[in-house]
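Q: TrEMBL feature annotations, pasted as is:
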DOMAIN    43-150  domain 'Ciliary BBSome complex subunit 2 middle region'
DOMAIN    283-365  domain 'BBS2 GAE'
DOMAIN    373-457  domain 'BBS2 platform'
DOMAIN    469-519  domain 'BBS2 hairpin'
Amino acid sequence: MVIGKLGSDTTPLALVGGNCSLQGFDCKGKDIFWSVTGDNVCSLTLLDFDQDGENELIVGSEDFDIRVFKEDHIISEQTETEAVTSLAAFSNSKFGYGLANGTVGVYDKFQRLWRVKSKNRAMSIYAYDLDGDGVEELITGWSNGKIDARSSRTGEVMFKDNLNHAVAGITEGDYRMLGRSDLICCSVEGEGMRKGYNMSGEVGIRTSGVGPGTLSVEQDNFREILSKKQTLLLELRNYQGSAHFSNPAQGHTQDKQIINQEAKTRLQTGISINMGKDHIPPHVEITLSTNNEMIIRAVLVFAEGIFKGETHVIHPKDSEVSSKLNVALFPQKDVPIDIHIKSLVGCKGSQHYHVFELTRQLPRFSMYTLTTESSQPCDSFVSCFINERLQRIAMWLNQNFLLSEDLEVSFELKVSFLSLRNNSELTVTMFPDGRLVINTEDIVLAGELIQSLAAFLNLEHVQVVAGFPLQYRRLEELMQKVIALKEARLRLGAEMADHSGLIRSLVVRAEDARMMDNIFNIL
């Protein structure tokens, strides 16, 4: 539940999330606002998301989605990897979020600035300006009692403390009656902690003539330079140690050759679709290879929503180590995924390896492969008219699907895809008159395609016509079952009423027989 003003309404509302529903009540308990969402609501907050002077409602639900409601319309939707258990609004367009799997992060409108994951669960999050620089930090209370404050811009830890028990909640208030707010944290056992900073008199506050943000920027730059220096020193030490260990009996000439070879090593990546074989289902495959004879000893892959724990480690046997390695990916949802890869690359027999780090993005609809087989599209469809050139639609397809080469169109666009998950067909057709038709039996996929296309073309309103005969038949079958169950309930209710009347009459006769001492002749 959250209390505040929503949209253009000047009346404060108590906004309550329930089972796929949102309700807003005024001070008299009158139902002022009502809307629906995709799943059970886990968290709510109010935020001026589009900076128009009016609050929007941010909703986190069990279906892993964060939705932004402007009045009763959804203007933004972001998919996460777990149920969104907590939300915290900042004073600008930023908001923090916490997931059931221990992930916390910050969004700035449609862009996620950062995220971190912990083995503990985030019990409560709060936006509070801890260091008095005018920029709020994300305060997180964890299930192990830890409390930390992270920069809303970078996620860097700026403060941390510990309670003896799990954190129950975080808020702020003028606890010391000094006219300024303190950060107040409380544990599940009643243990409390208060932390407050202002601009002119407490620990770590800058009161010199420079601006409040100048030192912070300089310190950040200094820390970044020191970090780069340490990284380069470690890299140089790794090169020297690797060359010396590979063959210590060789002279400096051999060492220099190995160092030069390692320095020239490049890690090459490629993303393709593998149709699978034997007991391996179709999947997306990342191919890692080096440009020389250096081997790939191990690979660490970090990706949201693909691996359990979001991390996957590949460590081949000594006999299988080579300069090429394949990583299989099985995305469960159609969302763009940033894949962070760390590879250990070095010489054969070496105990020292160079770490290559890179990031690749998986397209949103990467689990659909282009097929050349011409077949009749299914009866289910969504269609709309879009005043755009065919080349723009082809550009959207190139960016959101995993294609071996870019599509080229002339007068008409028609492409067919095959789902790697269930072998269902998807056909996208764009006619010269601007009519777009998407044929698929998956109604959820159709909606995601329309949303993705509208976001790519920056369209606020799209008039869509949909027809899903199979879904209609399923709905009719469910309605028939509901009607049958309702009739059965009414019939059972009538039978219960008859039996209740019979029981009452038997109770009266039994009482009469007891008083007349004629129990055996009651019937």
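Going from the start of the chain as shown, residues are counted 1 onward.
Glycine is treated like the rest: Cβ placed from N, Cα and C.
Remember, TrEMBL labels are computer predictions, not curated facts.
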Q: DSSP helix, strand and coil counts for the domain 'BBS2 platform' (373-457)?
A: 26 helix, 24 strand, 35 coil
Q: What counts of helix, strand and coil residues does DSSP assign across the domain 'BBS2 GAE' (283-365)?
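A: Across the domain 'BBS2 GAE' (283-365), the residues distribute as 6 helix, 46 strand, 31 coil.
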Q: Pull the DSSP breakdown for the domain 'Ciliary BBSome complex subunit 2 middle region' (43-150) and write it out as helix, strand, coil residue counts.
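A: Tallied per class, the domain 'Ciliary BBSome complex subunit 2 middle region' (43-150) gives 0 helix, 68 strand, 40 coil.
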Q: Pull the DSSP breakdown for the domain 'BBS2 hairpin' (469-519) and write it out as helix, strand, coil residue counts.
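A: Breakdown, helix to coil: 48 helix, 0 strand, 3 coil.
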